[in-house]
Amino acid sequence: MDIPLICNDSALSQKAKILRKKWGFLSTQSDHFQLHLLPEYLALEQKDDPKQGLVFVDFVSGSVAHRRKFGGGKGQAIAKAIGLKPGVQVDVIDATAGLGRDAFVLASLGCNVTMIERSAVAAALLEDGLERAYLNLEIGTWMKQRMRLHFGSASEYLQHHQTGVVYLDPMFPHKKKSALVKKEMRVFQGVVGEDLDADSLLEAALNAARYRVVVKRPDYAPFLNDKKPTMSIKTKKNRFDVYVKQAMPQNKS
């Protein structure tokens, strides 16, 4: 999908040119999806449905910051699924990074997270969010140490990189009338689409992970690739299917 990047601020015009060249974005207007380079952030808009609002990556404030401060720490479901233990620093590849929220939670809990994203739109939004977060006095230092982004195919990356844990959260068709599907996710999914190769990605993840693979699924979704997990950790909306290969180490992974 060809996505234009619109910039109406002359002070940002050079940056807009750099981003268009780097990511292959267009400079013409669109009747459907388009990116906006604003002084505050890079944002995605569904132009034919403006009520959906702008989608951007924010690791500093809003719901992500609230989750970091009050989300339950290592007692929350995602931490249990990853297998976090006191004194153990886990290397994680988030092979379906999306808007980076789960990756951020894991990094805030001490994991070293490499986010993989093959969508140029998603990767550009993530990079913009990371750059702003790196400058933040409260979280910037550990963000630089623990969160990084790789743009490209997750399957290819996993063929050449081993890690402690691989985390997968592939796009899955939501129930049409589900109130759980947030507006911004509807916009985001409209651009990146479904992960039709998610089943094969599980096998690549199992080959790359030393300790386990964690797959986040809607509570109504079948197991990825119809492969039964070692265990599942359920939440109100989702579940984490955990495929254990071997026990976590008692010290640094």
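A Cβ is built for glycine as well, from the same backbone N, Cα and C atoms used for every other residue.
Taken from Swiss-Prot, the feature S-adenosyl-L-methionine binding site covers R101, D102, E117, R118, D169, and the record attributes it to sequence analysis.
Once Cβ contacts within 10 Å are tallied over all protein chains shown, the binding-site residues R101, R118 are led by R118. In this view, the densest Cβ surroundings among the binding-site residues D102, E117, D169 belong to E117, judged by other Cβ atoms lying within 10 Å. Secondary structure at E117 (S-adenosyl-L-methionine binding site), as computed by DSSP, is strand.
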